[in-house]
Structure formats: structure tokens, C-alpha cells
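*Asks:* Questions regarding the structure given below will be posed in turn.
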């Protein structure tokens, strides 16, 4: 049974051996759980091995295109810097899900019996995915804050959020989130051990003394990351919608059409784009945050406890929703940005660009 779902919402009572034992058919945990072991195994195979793999592989291709286009556009506008960083983080989160999909593929598992893929993917797919996803969440929060300030305080924010400062914030987000995951790789390492089922040597993971407690430092930090960023995105997106509506009414009540107005029109297009990707983020991450909050409220809703099957069952859908969020931004850019479409056609289809 997978333990990587745990990375979104684990408590200090996590016992990886119980998880692996149940995956190998040794029940004894969660007898009162509404989700049976068989249903869980099938759901994990379908969601991770098939659906998640298809979505993630598609997302890897589309985010690679995003990165190429944002680089081609240059970084005159600070929004291009943050959207490029968001695409890089999304690409990282999707690559790890592709690897996780392979770890749940029976052909891969059967071809390499000397590797316990369920254990190995815990630190090669599960945690890296969570790390990149939290980076994406902070970047999304920063983008919505930046756009809200651009609408609310257009003159002041231009001087405040320069390209240099925006770049520093982006690198700071990557650094801080990665730092919160480092305890995991101190607590766990890959090693060979004897399987409890057939006494064969397998490569799996091993905790150092006090490792689970050390890992839970990262669990706690990354859980807070997700909750805080979710709240920030909701608040700033609501503020953006309110400000856009307010300014739209003001424009309709005036007849001036100055150059300043044409500039603000360009900004409005960016704001609308940000609102759409923020709403996509809110919709896809609402179940993820609910999953976290239920875990905090119900102590038995976690791995190694009464409702571990339900916990892991819900987690499979959370990971796929995260993959959908990371993949769909490409279609938003295509729909909302004429410049993005022009660069896409010029770079990949050799169609001559036209001026806006």
C-alpha cells in the first residue's frame, strides 16, 4: 500500500511497515474501515497506474511547452517570471507522478522483483511530488497577491515589485519549501533488506532512529504550506474579482480613453488570466485541503489507524486533482493570451507572428 499519499496529511503515528504489510496482504489495520483492501488496491492501480499516469504524462509535455514559450517571450513583465516558475514547479510535480505511475504498473513491478517499488517511490515520487506541489501553491499565492496589488495600488506596486525582487521571491519560495523537505531525506535512506514474504533481498527504505518523528516535521510544515496558500489564494482571488468589477463599473461611467486606459486594459487581460488559473487551483485543491482538515479533526483518519483505507482511497483522487491543476494551465494560456498563442504558433508551427 502506498505511503506517499501520507505526505499530504500524515500524523506522528505513521508506521510504514503497517502500510507495506497491508499492501502485501497482511491485514490487521482498519477493520472498521468502510473501504476494503481489495477496493483500495484496485483504486490505487486505476488512479495512480492508469489515470494519473496519462494526465501526468500529458502535463509534462504541455508544461515543457509552457516553459519554452515563457522563455521566448522574455521577462520584461514580472508576470512572465512567476508563470515560468509555476510551469517549472508543475513540471516537477508531474514528472514525479509519472514515476509513481510506473511504480504501480504490474509490468514494471514484475520485471524488477528486487526493488520494492511501494517503498522506494515513497521518497523518489511521493515526497518530491509534494515538494513541487507546495512550491506551486506558494507561487500561485504570490501571483494572486501581486495581481491584486497591481489593481489596487497600480502606481506603487510597479516600483515595489521589480523584476529583480520578483526573481528573489521566486527563488526564496523554492528554497524555503525544499528546506522543509530535507528532514525526510535525513530520516530515510534506500537500502537492501529481506522481504517478510519470500525472504528475498529487496531494495527498499529504512528509517534511522527517530526517523518517523523527524519526517513528521516535514509533514507538519508541508500541511501548513498547503492550508495557508489555499486561504491566501481564495482571499486574493475574491479581492481581484471585486476590484475588477468595481473598475469595470467606473470605466462604464466615464468617457475618457487615454493611453493610461489602454495600459490598464492590457493589465486587465492578465488579471482575468490569473483569476481563471486561481479558480482552477481553488476547485482542484478544495478536496486536498478538506482531506487535510479531516485528518486534523479525526485522529483515526490516517495510515496505521482505523480509517487508513479511506484515507488512502481519498488521497488517490487528491493526487489526480493536483495533476489536473498542473496540466490545465496550458489551455488557460492558449485561451486567454494572444501573445502566448502567437509565440506557440511561431515556435512550434513556424507560423509568422502578428502584432497585437
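The backbone N, Cα and C atoms fix where each Cβ goes, glycine too.
As the structure is a computational prediction, the values presented were derived from the model and not from experiment.
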*Asks:* Could you check which of 204-222, 223-241, 242-260 is flagged in TrEMBL as transmembrane segment?
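*Replies:* Of 204-222, 223-241, 242-260, TrEMBL gives transmembrane segment for 223-241.
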*Asks:* Look up transmembrane segment in TrEMBL and report which of 144-164, 270-290 it refers to.
*Replies:* 270-290
*Asks:* Looking at 3-22, 23-42, 83-102, which one is transmembrane segment according to TrEMBL?
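*Replies:* Matching range for transmembrane segment: 83-102.
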*Asks:* Checking distant contacts: for the transmembrane segment (310-334), what same-chain residues at least six beyond its ends satisfy Cβ-Cβ under 8 A?
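*Replies:* Long-range Cβ neighbours of the transmembrane segment (310-334): 1-2, 5-6, 8-9, 30, 33-35, 39-40, 43-44, 47-48, 51-52, 55-56, 58-59, 62-63, 65-66, 69, 83, 86-87, 90-91, 93-94, 97, 100, 129, 133, 136, 273, 276-277, 280-281, 284-285, 287-288, 291, 295, 301-303, 340-341, 344.
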*Asks:* Hey, which bits of the same chain come close to the transmembrane segment (83-102), Cβ under 8 Å, at least six residues off its ends?
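*Replies:* Apart from its flanks, the transmembrane segment (83-102) reaches 4, 48-50, 52-53, 55-57, 59-60, 63-64, 66-67, 70-71, 75, 108, 117, 121, 124-126, 128-129, 131-133, 135-136, 139-140, 143, 170, 173-174, 319, 322-323, 325-327, 329, 333.
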*Asks:* Within the same chain, where does the transmembrane segment (270-290) have neighbours whose Cβ lies under 8 angstroms from its own Cβ atoms, ignoring anything closer than 6 residues to its ends? I mean 6 or more beyond.
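*Replies:* Distant Cβ neighbours of the transmembrane segment (270-290) are 8, 77, 79, 137, 140, 143-144, 147, 150-151, 226-227, 230, 233-234, 236-237, 240-241, 244, 314, 317-318, 321-322, 324-325, 328-329, 332-333, 336-337.
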